[in-house]
Amino acid sequence: MLRLVWFPVLLGCVTAGSEPSDKSNVHSRAGEDVTLSCRFKLSSDFVLNRLRIHWHVFRDEEGSVVHSYYDGADRLEDQQVEFKGRTKLFLQELAEGVASLNLSQVRPSDSGEYRCIIVNSQDVVIGSVILHVSAPYEPPQITLLSWEEGEMTLQCTSRGGYPKAEITWHDGNRNQLNPSKPAELHRSSEGVFQVQSRLLVTGPEDSTFCCSLIHAPFNQSLSVCERLTALMRENETEAESSGRSNAWIFAIVGAVVTAVVGVGFYMYRRRRRSAQKAPREDHGEETAVLLEPEHGAPREQHAEEDEVSLQNEAEGKGKSLQDFLVHLGLERHQSRKLKLNDILEINMETLEESNPRTLGEIPWHFLRKVMAVNGRARRSRLVPAAPGDNGISKDGEEPFAIIPPTSPALSMCVNPLDVLCAVLCCSDTFLQQEILLKMSMCQFALPLLLPALDTPTCTLLLWAMRDIVRNWRPLSLRDSRGFREENLVLTSVPTFSFVRLGRCSLSKSKILNKVLSAPQQQHDFFVHRDMESGNVPRAIAEGLVEISWYFPGGRESSDPFQEPIAVINLRGDIESHQLQFSFLAEVSSAVFIFAERISERKYKLLSSLQGLRPKFYFILNPRSTITSKTQGFLNELAPLLKLNQSHVLVKDNTENDSDFVTRLQDTLAHLTKQPQRAVSIEDMAVTARELGIQLDEDCEECAEARKRADEIAGEIRDVGEYKGRALTLQGVPCKRLAEVERELCQMKQQGETPTEDYKSKLRQELLALRTQQHGRDLTGGMGTFKVSLERLSPVETHYFLKWMKFRLDHIARENLSKLRAEYKEMYSTPGHSPEQLAKLDELIAASSLGVEHFMRELGQFYEAEQSVYEWWIPKDNRIPKDRTVDTCPWESPAGGTADLSVGREEAFGAGSACTLD
């Protein structure tokens, strides 16, 4: 799939619009400096600061950025890594029309077709140069591969050269020999080849065989000859050397294992004696409390040690982002973000239904599966290796080892939350939006706050959720079988947050999945420890905040909740992520805190929550029974946080998960029936900004695009009235145009009229209708829409069209919901008027409004222009095609989406060609 849209090629001083038939060829040797020449004509209005120069290279039909120059300076942000520090423009010659590129220290991998694209005022010039870089081969070598029953296989190998070379065989008498199969070529990452050829021989042991390599670019002709006896002796020597090496290895391993066993036994005895000598007084007050007969709880010997280890775990958590991205092969996408086109590309890999076999395949497996709305997208376990690869013999017996090997479940997979964070970190905002939309369709919990991976602080993903729309049936519409539809970020619902304080053996995420699921229909919204790869330690996802919603379906018997709610889940301990916890405390109606025990340090943290808005609930899961120390701290927190007995839910070992989930559902249902603060994601954004949390849509491009979209949407009050007033080209003339064009193709009403006369009549009517359209100007919002496409940058245009979609969909959704409710009420009224129903039906049909209506209006405008100007459009009325092609589909005359028509294509960049995804 082509990723770039190119204009017609111009080489040297050929006139614009010529075909790329003439391409110059440049030959060079590896290590030399080359100059790729490109020239352009200077126009009368030439301004150096407005000159744009882009050099790209095409290899295997894929384009890469080599060098860019615009706004009076080199712009190398998107430059391919392999060209860093090796490219240079002759800046002093730009004013003379020379845009040649100097490429230093060329490599064989640099070979390819180089194109220079020069944008000067309204003119576009493109040159093409094909670079051939050659490198010499090393002298060939002959080796003995196999020797069995008088037959021997010889292999001749030479490496380090480019392009491909030929290998021939002959015996000691210069007689040509045929290889057993064609020569094999293997290309390295440096772009050079290794060429191999094999020969099957059966001659006497004292025979001589020769291998010759011929490399035309360097006029190389290299040969090597070997006697079979010499090759056989060399092979035997290598085997003996390998046997001696293996013997040494076994001896060393035996000594190391013996030493490890001795040291391990010594440390075990020493630790056991130290434990027996430890004084009981070190446990202090808590030891005495734990031994009180009225509690009957066993003594917790390592209470304070748990606190210290948890703090150390938070300080040294996981790997850095950079290390993890290298682990997954995504390091280059940290700066050069993945785009939607990269994921939608169809190739042989995307067509294969295979599970990931390497760590580098896991992110792509996730992206492809989630784009296909596949519920197994979060699978991050590698395909198991063959028997014997993990220290297990083929007959199923494990070899003896004093230390057991790492569990295959942990060594062959990555936590799905780490994969999600890595993919989002390496994606642009538009791909993030598509990923979250597909995740919502899979009913996965969505990331709300991304941890501070490559940003100073965590990021609220507001823009990424703007494309999600949900519909549900609240209790008030159950009898009428109606439903409510709304954009997810605008839906205000009670929000309940669930966090963890310290270690907790109870799986918070697993409990939440059961709380949000209907009876007998459990779904894994949140990743938990009992899911595939859910038990893998998180590397970069600590501090991630996820959100999931429950929307009722109008079934009172099976709906756990009768009104929609939102549930937020913080990954990690609140002591280590106090910014996220502060945010949740501000936006939630209630906060549920999972804990096993409360220490003095935890008490100080909890007491600081005094005066905050939400209600606080504690879910305690003690190892045995609640300690007196924990009970004492809870009693002290009760007046500070306004706690009573209903605010403490204890799950001990005697209660199963099902009963506890029912209690938790009852608590949430009781809270939803009380007056609660309802917040939307947009409301949360206000709180996030106050706390210093970043927002993914707080950038200049997004803000400018939103301002222009709001200006257009602000004019729309009634959709039907606005379409009649602003989209005038799609009225009666447009409908008649469609009828005439259809008749021109079908000729159904020709009758006795001669064919040419009938066609001439239809063409005259078409011209009259186009002239009528041409007499109308683009007014109001339509004019603003056209100007925005002309003046905004490509990124701003993408944002602009997205904002237009969100605003128009919201307006149309509100209008349609009102009209549908009115239609349903009128239809259920006895003695209703069929004429009024028909009128309402027409209003509903006319109340749809989207970006496609604006694009259709623009298309009609350009087609009318073309009719008047005889298929030529003034440059001032053209819109650069890259502003629209990647963002919005065009309609074909048949009503579907397709490539641009020839005429309309001219309106969006003269002489340009287009490939639509």
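The backbone N, Cα and C atoms fix where each Cβ goes, and this holds for glycine too.
The region 'Disordered' annotation in TrEMBL falls on one of the ranges 148-189, 274-315, namely 274-315.
Remote same-chain partners of the transmembrane segment (444-465), defined as residues 6 or more beyond its termini with a Cβ less than 8 Å from a stretch Cβ, comprise 321, 334, 377-378, 420-421, 424-425, 429, 432-433, 435-436, 488-489, 525-527, 540-548, 568-569, 579-580, 583, 681-682, 684-685, 688, 692-697, 702. Break the domain 'Ig-like' (8-127) down by DSSP state and the numbers are 15 helix, 50 strand, 55 coil. With helix defined as DSSP H, G or I and strand as E or B, the domain 'Ig-like' (140-223) counts 3 helix, 53 strand, 28 coil.
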